[in-house]
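For reference, the structure is listed below as structure tokens.
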Amino acid sequence: MKDDLGAILRRYGVLRTGHFLLTSGLHSDRYFEKFRILEQPRLCELFARLIADHYRPAGATIVCGPTTGGAIIAYEVARQLDTRCIIAEKSETGRKIGRGFVITPADQILVVDDVLTTGGSIRDTIAALQATGAGIVGIGVFINRSHGVSLPYPLFSAYSEPLSTYEPQQCPLCHAGLPLEIPGRSDKIEQI
Ligand SMILES: [Zn+2]
């Protein structure tokens, strides 16, 4: 199944190969274009099913995801689990649960997101949820591209592929003279 999902991710341009500048400032030979999966409802349904099936026995009453990608995924996972869907929006200190969403201490929440890199948005979402006193059953992500990050609850990844990253000075792709691409920009920039 892992190979099948990898082939799907490549076919739809979600998983790209090349020479990329990551937001961390590091370089990598692969990049996940998460909106190439989020724009395909059928693909979202497929990946969400893996998360929903994994966590169905946990009996979540709410699925929560951080904006923007996590909110789309939360909606689809909640649809499959027949639970409510809420979103965690950015705040000045991290994430907040607004929009009049009601969460009680009796609720059991499944936290979802698109791509796990450092886990920052997931941790901020969990912090906002913990303030409500509700229980958290676990975390589900479509794509785990980390080499392992510390999270306070069990993690399930529909697809996992750790990315190699390089400091610019040690990047073999730079040394090979490959043009560097900034994801989200169509042009490629020359190495200085
Ligand atoms: Zn490089």
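Backbone N, Cα and C atoms are what each Cβ position is placed from, and that goes for glycine too.
Any TrEMBL annotation is an automated prediction that lacks curation.
Record features (TrEMBL):
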BINDING   Lys90, Asp113, Asp114, Val115, Leu116, Thr117, Thr118, Gly119, Gly120, Ser121  5-phospho-alpha-D-ribose 1-diphosphate binding site
BINDING   Thr117, Arg145  orotate binding site
DOMAIN    37-153  domain 'Phosphoribosyltransferase'
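Feature map: annotations from TrEMBL on the structure.
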residue	record	Cβ within 10 Å
Lys90	5-phospho-alpha-D-ribose 1-diphosphate binding site	13
Asp114	5-phospho-alpha-D-ribose 1-diphosphate binding site	24
Leu116	5-phospho-alpha-D-ribose 1-diphosphate binding site	23
Thr117	orotate binding site	21
Thr118	5-phospho-alpha-D-ribose 1-diphosphate binding site	11
Gly120	5-phospho-alpha-D-ribose 1-diphosphate binding site	13
Arg145	orotate binding site	22
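Lys90 (5-phospho-alpha-D-ribose 1-diphosphate binding site) sits 18 Å from Thr117 (orotate binding site), counting Cα to Cα. Leu116 (5-phospho-alpha-D-ribose 1-diphosphate binding site) sits 6 Å from Arg145 (orotate binding site), counting Cα to Cα. Cα of Gly120 (5-phospho-alpha-D-ribose 1-diphosphate binding site) to Cα of Arg145 (orotate binding site): a distance of 14 Å. Spanning the residues Lys90, Asp113, Asp114, Val115, Leu116, Thr117, Thr118, Gly119, Gly120, Ser121 that the record associates with binding 5-phospho-alpha-D-ribose 1-diphosphate, the maximal Cα-Cα distance equals 18 Å.
Taking DSSP states H, G and I as helix and E and B as strand, the domain 'Phosphoribosyltransferase' (37-153) has 44 helix, 33 strand, 40 coil. Taking CA atoms as the reference points, Arg145 (orotate binding site) and Asp114 (5-phospho-alpha-D-ribose 1-diphosphate binding site) are 10 Å apart.
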